[in-house]
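Residues or ranges marked as NADP(+) binding site by Swiss-Prot: GLY164, ARG165, SER166, SER189, VAL230.
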Amino acid sequence: MAVVIDGKQVAQSYRLKLKEEVARLKEERIQPKLTVILIGEDPASQSYVRGKEKAAQEIGMDSDLIRLPEETKESELLHLIERLNADASVHGILVQLPLPKHIDESKVIFAIAPEKDVDGFHPVSVGKMMIGEPTFLPCTPNGILHLVKEMNVPIAGRHVVVVGRSQIVGKPVGMLFLNESATVTYCHSKTADLGAMTRQADILIVAVGVPKLITADMVKPEAVVIDVGVNRVDGKLVGDVEFEAVKEVASMITPVPGGVGPMTITMLLHNTIEAAK
């Protein structure tokens, strides 16, 4: 029976350290500030943004939410980002994704000044991460790495299998574990025999958005399973892993909700504090 990794608890203890850091910066007359831009009325995005605001307030950080209507022009958004780039009181800029179809996501990410890119999506941040240079790391991958380390799971020399290749989680999380000397395999929708791959994993990270994709027979006994999926099925949140069955095989597993999610926001706060220094 697996140990269920309590992401809320790990996040909470990390946030206490961040709170002390904010207090120390305030003594130096620095008030860390995160500005979030939300376009449109997407319910999931609204909920994420509320979570970010609440977490920022809890540690004493300033958080500013700019709401824009769905029909906002791309040029207007880019102009706003330009203004925030030039505003010395703003340390972190986050544009909540996904964006309306008429706005080019890449253009928007590229427009954010790299020194304020607290999401870690700018090509400068991604490039630095690739070569192992200090930079803003993407929040969910960094949260996963922190969780695994916090549970004292050895990483160097272990086989990490990542299911999913998104720019936000899949690709970067593999790179972070590679930088920690793990052997990393990527799987995706075109992988021929997914189960044959996942059964080799000492650490299995699943981030595809397909409910219960990973079943117990696809998991190596005593593996550590990190479920990044968030899917709504019959009004309930479930991950990409068949939790109850896999729990019987794995040594550790993250639940959904309450696993990776709280760490994502915590790493966003961490990045904003680093940007303020």
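Cβ coordinates come from backbone N, Cα and C, glycine included.
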Just going by other Cβ atoms within 10 Å, which of the binding-site residues ARG165, SER166, SER189, VAL230 has the emptiest spot?
SER189
Binding residues GLY164, ARG165, SER166, SER189, VAL230 (NADP(+)) - maximum C-alpha distance in whole Å:
18
Within 10 Å of the Cβ of GLY164 (NADP(+) binding site), how many other Cβ atoms can you find? Include all protein chains, please.
24
